[in-house]
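According to TrEMBL, the transmembrane segment annotation covers 68-88, 100-120, 126-142, 154-174, 186-203, 208-226, 246-267, 582-604, 616-634, 646-666, 678-698. TrEMBL lists 296-359, 370-427 with the feature domain 'MIR'.
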Amino acid sequence: MLGFLKEPFVVTAEINVNLVALTVMGLISRLWGLCYPRAVVFDEVYYGQFVSLYMKRIFFVDDSGPPFGHMLLALGGYLGGFDGNFLWNRIGAEYSMNVPVWSLRFLPALAGALCVPLAYQILVELHFSHCAALGAALLILLENSLITQSRFMLLESILIFFILLAVLSYLKFYNLQKHSAFSGSWWFWLLLTGVACSCAVGVKYMGLFTYMLLLATAGLHFWHMIGDQNLSNVSLLCHFLARGLALIIIPMGLYLSFFYVHLALLYRSGPHDQIMTSAFQASLEGGLARITQGQPLEVAYGSQITLRNVLGKPVQCWLHSHTNTYPIRYENGRGSSHQQQVTCYPFKDVNNWWIVKDPGMQQLVVSNPPRPVRHGHIVQLVHGITTRYLNTHDVAAPLSPHSQEVSCYIDYNISMPAQNLWRVEIVNRESDTDVWKTILSEVRFVHVNTSAVLKASERNNIFIGASLPEWGYRQLEVVGEKLSKGYHQSMVWNVEEHRYGKSQEQKEREVELHSPTQMDISKNLSFMAKFTELQWKILTLKNEDTEHKYSSSALDWITMDTNIAYWLHPTSGAQIHLLGNVATWASANAAALVYLCLSLWYLLRRRRKIYDIPEDAWQLWMAAGGICAGGWAVNYLPFFLMEKTLFLYHYLPAVTFQILLIPVVLQHLGEHLCRSVLLKSMLSALIVAWFSSVYFVYCTFSPVTYGQPALSPTELKALRWKDTWNILIRKQ
C-alpha cells in the first residue's frame, strides 16, 4: 500500500532563461530608486486625491474612466498603511512622512516591468524566432517613455500590461485550438483573455480599443471555423458559446464587479455628491442622508417639499422664490408681469420650500390619513414663506423670450387672472397610477392652461446656466417651456426634502419650515440603479477643456515633436520628462511604413497569381500585422475624432504595439528579402549598429527618465534634440 514511498517524488520544470532574465531586468529598470523623487510628480497630484478619498471611504466621480485603475492605486496605498492625509494641491510638493511613496508607485512599476516578458512571449506565440522575441522585449525594456510612465502613480503602465496580457492570452488560446480544444489550458487562456480585456477597460476606456480588436479577431477566426467541414454543428455551437461566455459575458460581469467594489468602499458623502441625484446622495452616509433620513415616502396634499432640478450641471439648484418682483421693464425694453420672482437657487434656503395644495380645498396641512398625489393629478404649489402660488402665463421670460415667464402670483386687481394649476407627470413611473414619491420620483409639472412645462433654462442644451441680472440676484432663470414634446433633464424635478405639514397658521408654518425633519425610515437604491447613474455620469460629465502647457495633437506624437516635463527639482537641475527613445520611435514608424508597403505589394502580386513568399509565411505576416499594426491603429487613430485635451502619454499603448512590429519586419526582411549570404550579413551588421544606437539614446536620456543625476545647463541644452522639446533650464 505504501509502495509509492520507495521511489523519490520528482518534479521537473522547464525554465526559459531568456524570460527570467528579461523579467529581472524589467524589474530592475522600473523599481530602481522608486521613491525618488519624494515629491508629487505630474498627474500624481490628480490620482493621489482619489487614493486619499478611497482611504477615507469618501465617494467621488472621475470622468476620465472606470474605477478599477484607481482601486489598484488605492490598494498600493492600503498595503503601505496610507491614512489618506495629504494635501494633493500642487506638482512638486514634498511628500510627508505618512505617505508610503514606494508602495503607492509599486503596482504601476510592477505592471511596467512585466510588460517586458509579455512582449517576448507575444512574439513567440506569433511564431517568430526567439531572437526576434528577445529584440522586442529589449526594445520595450529600453523605451524611456514607458520607463518614466511606469515609475509613478499613473495608470498607463497598468493599462498597457492588461492590454498585452489580453493579446498574449488570446494567442495562446488560439494556438491550442487545433490540438487541445476544450482542454484545461484552452479554457484557462480563453477565460484569461476575457478577464484581461475587462481589466484593461476597467482601468481606462482606451482599453476598449484593444478589446474590440480581439473581439474582431476572434470573430474572424470563428468565421473560418464555420467553413471547416470536420467540425460538427454541435461542436461549432459549443465553440461559439464558449467564446461568448469568456469574451463577452464574463468581462461584463467583471466590469460590474469593479463598480460594486467601488461603491461598497465609498459609502460616505463627499464633495462630488452634488452632481448625483438626490436618491444617490441620500444613499450615502452623511451629507444629504442626514437631512433626508426617514422622510415620508409618499408626497400628499399638504406636504412641504423642496424641488431639485434633475439636470444638476454645472451646479445643483432648487426651485426658489422670494418677495422681490420682476422689473416692470427689462433692459431691452420688454415688459414683464411684475409678479414675484421664481428662480432656481444653487443653495439650500428656507425660500426653497413649497406646499403641495389640493385646488379644491383651502387647507395647507396633510389630512389624516394622508391623501397621496398620483401621476396625472392636478396640484397647486404654494410658496411656503410668502404663501403665493406658482404661476405662469403668456408673458415672455426675462432671458428666454421664446419661453413663458414663471412667477408667484400677486393679485394687482387687473385683467391678469391667476393661472396656477399644474399637472404632475411622473417621468419614471411604472404605471399611470404611481404615487409621487420623495427622492425616487422624477416629475414634470405641466401647466394646465398653456401646456408649458416648468423648466430651468439651460445653456447650449447641456448646462443650467441662464443667470438673471442684479435685480434677480444672479440666480438661475426658471421658465415655462412651450415646446414640451421633447424630453430634457432640465424639465424634470425631484422632491429632495419633505415633511408632512401640520400648521395651518402662517406664523406657525414658518417655524415649521425652518425646523429639520426627524423621522426614522431609510431609503436605499439598488446596486444596478447606482451603477447606471454613476456610469452615465462618467460618460456624460465633461469638464471644460482648457489648453494645457503640455497638451499636444495626435499628429505631434508620431514624430515626437512634444514632451511633458513631469518634475523639476526646486534647487538643482534634476528633472523628469516624458520623452520616448528617439531611435526606437523612428524605427517603429519606419517598420510600420515598410509593413504597409510590403503588404500592398504582396496583395497586388497575389492578385496577379504571383506568390513571392510561401503561404505559411504570408499567413504569419498577416497575423502579426493584424495584432501589431492593428493594435497601433486602433489605439491611435480614434484620437483624431476626440474632442478632449490630449497628451503624449495617450500614445503609449499605440507605440507599444508599433514597437512590437519592428522585429516582425526585420525577421521578414532577413528571411524573405535578403536571400544572399552577403545581404544577410549586412542586415545583421545594420541591426547590431541600430540596436547600439537604441541603447545609446536610452543612456543619453536616462538622467531625465529617472531624474538623476542632476545635469548642468549645458548638458540639458545638449538634450534638446528638437526645438519643440521643452527642456527646463534654470537661469544662472
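Every residue gets a Cβ built from N, Cα and C, even glycine.
In TrEMBL, annotation is done automatically, which means it is predicted and not curated.
Long-range contacts of the transmembrane segment (582-604) within the same chain: residues 139, 142-143, 558-560, 612-613, 618, 621-622, 625, 629, 632, 655, 658-659, 661-662, 664-666, 668-669, 690, 693-694, 696-697, 721, each at least 6 residues beyond the stretch ends and with a Cβ under 8 Å from a Cβ of the stretch. With a cut-off of 8 Å between Cβ atoms, the residues of this chain six or more beyond the transmembrane segment (126-142) that come close are 18, 22, 25-26, 29, 115-117, 119-120, 171, 581, 584, 620, 623-624, 627, 656, 659-660, 662-664, 666-667, 691, 694-695, 698. Across the domain 'MIR' (296-359), the DSSP tally of helix, strand and coil residues reads 3 helix, 30 strand, 31 coil.
Within its own chain, the transmembrane segment (678-698) has Cβ neighbours under 8 Å at 135, 138-139, 142-144, 581-584, 587, 666, 669-670, counting only residues six or more beyond its boundaries. Secondary structure by DSSP for the domain 'MIR' (370-427): 0 helix, 26 strand, 32 coil. When Cβ-Cβ distances below 8 Å are used as the criterion, the transmembrane segment (616-634) is approached by residues 122, 126-128, 163, 167, 171, 209-210, 212-213, 217, 592, 595-596, 598-599, 602, 606, 653-658, 660-661, 664, 668, 671-672 of the same chain, each at least six residues removed from its ends.
Cβ atoms under 8 Å from those of the transmembrane segment (100-120) belong to residues 18-19, 22-23, 25-27, 29-31, 34-35, 38, 48, 51, 72-73, 75-77, 79-82, 133-134, 136-137, 139-141, 146-147, 149-155, 157-158, 160-162, 164-165, 168, 656, 659-660 of the same chain, restricted to positions at least 6 beyond its ends. Here the domain 'MIR' (370-427) has a mean pLDDT of 90 out of 100. A Cβ distance under 8 Å defines the sequence-distant neighbours of the transmembrane segment (208-226), meaning residues of its chain 6+ beyond its ends; these are 163, 166-167, 170, 174, 177, 193, 197, 200-201, 236, 239-240, 243, 247-248, 251, 626-627, 630-631, 634-635, 638, 653.
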